[in-house]
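Engineer: Copied straight from Swiss-Prot:
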type: TOPO_DOM; residues: 1-11; note: topological domain 'Mitochondrial intermembrane'
type: TRANSMEM; residues: 12-29; note: transmembrane segment
type: TOPO_DOM; residues: 30-583; note: topological domain 'Cytoplasmic'
type: DOMAIN; residues: 62-228; note: domain '3'-5' exonuclease'
type: BINDING; residues: D83; note: divalent metal cation 2 binding site
type: BINDING; residues: D83, E85, D213; note: divalent metal cation 1 binding site
type: COMPBIAS; residues: 266-281; note: compositional bias 'Polar residues'
type: REGION; residues: 266-286; note: region 'Disordered'
Amino acid sequence: MTRESAVATKRNWAILAAGVGLVYVLVRHRHRLLCPLRRVWSFGSLVPQRRIEVINSVQDPTTQWVLNELKNHCQTFKVLGFDCEWITVGGSRRPVALLQLSSHRGLCALFRLCHMKQIPQDLRELLEDDSVIKVGVAPQEDAMKLSHDYGVGVASTLDLRFLCVMAGHKPEGLGKLSKTHLNYTLDKHWRLACSNWEAKTLEPKQLDYAANDALMAVAIYQKLCRDLQPKHFWQRRQLDDNSMHNKFEPFLDVDFTKGFTLNPSGSGVTRSKGSTQSKSNKWVPKKQPYRQIATRTKDFYDNCLLQAPDGELLCTIDRRKASWYLNQNLGTHISEEPFTVRLNFEPAGRAVGDVGRFYQTIKKNQCVVCGDRDAYIRKNVVPREYRKHFPLVMKSHTSDDVLLLCPTCHQLSNISDLRVRSKLAVQCEAPFKQEDGSVKYHDDPQLKRVQSAGKALLHHGAKIPAAKKAEMEKTLLDYYSDQTDITEDLLRQAASVEYRVENSDYCQHGERVVQQYRDHFGGLVELERLWRQHFLHTMQPRFLPELWNVNHNADRLEVRASEGRIDKADLMVAGLDAKIKET
């Protein structure tokens, strides 16, 4: 080999090595390199297409054209950016002045409701169409304002912060979301946000502000959806609209702020799927209205074996329960691995059919949704607020109702449960959360004033100004109409008045729902089936225990009934008495 050819060979190898190194760097850091480009593309691609249409009147020919365009755009992508603007006068909110709707193709329709005598029928239909998702930050609040001010319902609102949590991102306001995910800075100056939206003509800056809010919501939705659809970095594909809608269905029309906390354990969960944020960057609200839930890293299932006297496998149990049988001389230790106990007495029942085989199977210590094994929390598929009101036969031996979820999946599951609770509240007339019927006691304003006046006059009468003192004395004499003078006995009586009175409309949500299903909606197995089906539909678990099924408890009760181990009254409560008679 000549010197020249040797040099050329070395140069070629060097170029090849450099090329391989460059490819490695690009592949290794592809997300860091491509994410800024994708952010710019996500919103930048919509900017040239942006068309702002201002609608001032129902009679305006543009009105129907804009509505037809929005509907056509929703045929291919059933999502609209949604926002509202209004003004406040003297501390009171005026009716919504401006409604903003934006499609994924950049059409931004600004409906000036303050100048329109009525809302067009086609606009009502679009807002009430539950197949079209209206996205934004806190869109439920805007929907409530529209309903209050104009009597129009807005169906299928979706808070973008739910998507942030699902994708492992920090849930923020629209301005910060646009900067974080699209690298676009929205003008959120307070003077612009609080400008006169009822003006005869809106300024160009107002039009940009209003249109960009709605358009940005659609762009952020698209970006977060792509984060939730894993793919190779070289792939570019259309969003699967149907699968996304199914995934988000549990969060439609749900208020993001109702008891939400990204870190439910408060116990230092160190990671969040889909995110590389450090623990210190996790978002936790200042107020946490719910008790904190502890995660566990120790195995939940010990998978010890319990046998009948003849050696037949009955079920798997935890180590503590197995040790209890031994300590009570109710069983004999058979083997150490797996830890096996054989009973010294004949059990009430044996493993029968798939119901029995479910209890015999080995359970894995992992999240049933995603398979994570690092940390998990027990999830009651039928929430305890309902299960605790079930008859004993439907509360005991229901280990199938307890599943393991990782902290992130547990949080998402709890959020999705809010939708079912709200539906049950309406169906069963069982107030939920802060509605009037959920408060057991309320304050009687008159009695509260009487008690306050009595205490003040009794303990601080000499320090109270004459005018205020006279007002308090009048309050007492108006209430105690049979008295003419303020005496110490009267003051003591007033100071001890109980102003908290029982709410005659009070009902406990869980108890009322259980009662209604027991008496009117097919029995408690139907309520169980509702919750278990909801869990399957919303969480789509991929690692459920073998033989787990929606009707497990109903099948278990039927087995017990066939063995004569359940009362007829319990069957009626469960809703199985008619079915048992048929068989």
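The backbone N, Cα and C atoms fix where each Cβ goes, glycine too.
Describe the structural context of each listed feature in the structure shown, including burial, neighbouring residues and relevant distances.
Structural biologist: Taken as a whole, the domain '3'-5' exonuclease' (62-228) shows an average pLDDT of 91 in this prediction.
According to DSSP, D83 (divalent metal cation 2 binding site) sits within a strand segment.
A simple way to gauge crowding: the CB of D213 (divalent metal cation 1 binding site) has 26 other CB atoms within 10 angstroms, across all the protein chains here.
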Engineer: Please work out the number of neighbouring Cβ atoms within 10 Å of the Cβ of D83 (divalent metal cation 2 binding site), leaving out its own Cβ.
Structural biologist: 27
Engineer: Is it possible to get the count of other C-beta atoms within 10 angstroms of the C-beta of E85 (divalent metal cation 1 binding site)?
Structural biologist: 24
Engineer: Around the divalent metal cation 1 site (D83, E85, D213), what further same-chain residues have their C-beta within 8 angstroms of the site's C-beta centre?
Structural biologist: C84, L98, Q100, G136, Y209, A210, A214
Engineer: Using the alpha carbons only, what distance in Å do you get between D213 (divalent metal cation 1 binding site) and D83 (divalent metal cation 2 binding site) once rounded?
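Structural biologist: So the alpha carbons of D213 (divalent metal cation 1 binding site) and D83 (divalent metal cation 2 binding site) sit roughly 7 Å from each other.
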